[in-house]
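Student: Pasting the feature list from TrEMBL:
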type     : residues : note
DOMAIN   : 23-466   : domain 'Major facilitator superfamily (MFS) profile'
TRANSMEM : 19-36    : transmembrane segment
TRANSMEM : 72-96    : transmembrane segment
TRANSMEM : 108-125  : transmembrane segment
TRANSMEM : 131-151  : transmembrane segment
TRANSMEM : 163-182  : transmembrane segment
TRANSMEM : 194-215  : transmembrane segment
TRANSMEM : 280-301  : transmembrane segment
TRANSMEM : 316-338  : transmembrane segment
TRANSMEM : 345-367  : transmembrane segment
TRANSMEM : 373-400  : transmembrane segment
TRANSMEM : 412-436  : transmembrane segment
TRANSMEM : 442-462  : transmembrane segment
Amino acid sequence: MDSNEVSAELKKERPNKSLLLAICAACIGGTFQYGYNISIINAPTKSVQNFINQTWLERYDEDISEQYLTLLWSNIVSIFTIGGFIGASIGGTLAIRFGRKGTLMMNNAFALLAALLMGLSYPTGLFELLIVGRFFTGVNAGIGICVQPLYLGEIAPRALRGAMAMGTSIFITGGILTGQVIGLNELLGKEEHWPILLCTTCIPAFLQLIILPWFPESPRYLLIDRGDDVGCRKAMKQLHGADNFDREWEDMERERVSAIGIKPKKPWQLFMDRSLRWQVLTIILLNAAQQLNGINAIYFYTDYVFEEAGIPDVNIPYVTVGTGACECLTALTCGMLIESLGRKVLIIGGYTLMAFWCICFTLTLTFQGAGLWMPYLSMGCVFAFILSFGLGPGGVTNILTTELFTQTSRPAAYMIGGSVNWLSFFVIGMVFPFIVTKLQQYCFLVFLVISVLVAVYIFLVVPETKNKTFLEIHTEFQSGDKRKASKADDGPRTTLLSTPL
């Protein structure tokens, strides 16, 4: 069977119903929690601050100072990223020891504990429990965003790997949108409901504990890491159908043979392995850029842009829900396009469009008072930037982390990528207010440069991974290194181009 026949056969594949349900079961307690817990903390800001002030008054017979109140609230919000960093740092190790599914199941303990602590904070009058609860919420999100994409990438057939792995982004954006809706005044956004709102993080955890046990462990983990042929075949039959997993089995067998005698690698071993240097550099850059590309700045300016457009303050939360719906819709669109256009086209196109909208947004903010229509152009730039992010970086980054590594390296790669992502999230949260103060709307020129540089890097270094096995992708990177090495041997002119990193 030639490559054209294989490609035509791959295009005919449709996901098994059991595979789709397994992805939903993994995502509801994984990246959905990440998106949900990012967004629900916004609605009760004033309510929680009032609770802290009242508790302080009861304890010390005086009002809390404005500076200390701001510090406590900042701790409640930012401790989530510290927990996420720790969760991402241990997620890969847990996935190797307990399996992908086993780790996802265990991870729900952190969400349930967080919900309990945050729910008890109001009746006990201990606002400190909110800080501890948000920390455990972050640990849950960090492990989930590390292990769940790993599970999705390993259970999906080659032809559908990109589309199925888009479940990560779809459920992140779905979690953000759900949190925005739940936080509206008509639901749990009123002041007296904030303890219930923060406790709702237990609902996705309970759902996953009920649903995920009905689905199997990752077949690749069973075969390559555990050597369980029988368990792997059983899992493949359930996920892909009894007569539709021969090609996937052959791919996994080849990968197992190549991994014989090789133990799962630790993160520091990936840095020391010269055959993986470009893959490691790629996931570091992509995960850092996912937080540093300006998407957080866009959300920072959203309320200001909406106010300038004449939208009443009471209606801004509903328009914000519109931005969440926009991002969710884009993730769904990316899922439908990724197997036809490929990963490289989408992510380069996404970063290129984001660079363009950075220019437009800078101009519209600079000339905000030039006409009554200018604020509406700014609103258009907000939605266009969010669409571009969801179509490229927001959707494709996690898929590439799965595809650029083989079984023995993949958990460590997710630990590195996840840790960089959370660290960048924390840094941008700490530094961004100062960037805005100094540069104001011109801060988007910084994000313009970042977006352009990342797009150029991907174009020059990262191969297209669509419809390729993990071994084929790994071989392609090695072939690129060999070509660079051979050019270095041709003469002094090319030596500078192949200087090792």
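The backbone N, Cα and C atoms fix where each Cβ goes, and this holds for glycine too.
Please treat TrEMBL annotations as automatic predictions, because they have not gone through curation.
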Student: Go through 72-96, 194-215, 316-338, 345-367 and flag the stretch with the largest number of C-beta pairs under 8 Å relative to the transmembrane segment (163-182).
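Tutor: Between the stretches 72-96, 194-215, 316-338, 345-367, 316-338 has the largest tally.
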Student: Can at least 3 Cβ pairs under 8 A be found between the transmembrane segment (345-367) and the transmembrane segment (442-462), with each pair 6 or more apart in sequence?
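Tutor: Contact confirmed: at least 3 Cβ pairs fall under 8 Å.
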Student: Contact between the transmembrane segment (19-36) and the transmembrane segment (412-436) is defined here as three or more C-beta pairs under 8 Å separated by at least 6 residues; is that satisfied?
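Tutor: When sequence-distant Cβ pairs are counted, the transmembrane segment (19-36) does not touch the transmembrane segment (412-436), since fewer than 3 lie under 8 Å.
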Student: Taking all residues of the domain 'Major facilitator superfamily (MFS) profile' (23-466) together, what is their mean pLDDT?
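Tutor: A mean pLDDT of 88 is what the predicted model shows over the domain 'Major facilitator superfamily (MFS) profile' (23-466).
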Student: May I ask for the residues of the chain that lie six or more residues beyond the transmembrane segment (72-96) and have a Cβ under 8 Å from a Cβ within it?
Tutor: 34, 37-38, 41, 45, 48-49, 52, 64, 103, 106, 110, 127, 130-131, 134-147, 150, 221, 225, 264, 267, 411-415, 418-419, 421-423, 425-426, 429-430
Student: Please indicate, using numbers and ranges, the residues of the same chain that are 6 or more beyond the transmembrane segment (131-151) and have a C-beta under 8 Å from a C-beta there.
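Tutor: Residues 26-27, 29-31, 33-34, 37, 41, 72, 75-77, 79-92, 94-95, 100-101, 103-104, 107-108, 110-111, 113-118, 121, 165, 168, 172, 198, 201, 205, 218, 398-399, 401-402, 410-411, 414-415, 418, 421-422.
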Student: Which sequence-distant residues neighbour the transmembrane segment (194-215)? Criterion: at least 6 residues beyond either end, Cβ under 8 Å.
Tutor: 18, 21-22, 24-26, 28-30, 32-33, 36-37, 40-41, 43-44, 47-48, 51, 101, 104-105, 108, 111-112, 114-116, 118-119, 121-123, 130, 133, 137, 140, 182-183, 188, 238-239
Student: Which sequence-distant residues neighbour the transmembrane segment (108-125)? Criterion: at least 6 residues beyond either end, Cβ under 8 Å.
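Tutor: Sequence-distant neighbours of the transmembrane segment (108-125): 29, 33, 51, 55, 58, 87, 132-137, 139-140, 143, 194-196, 198-202, 204-206, 208-209.
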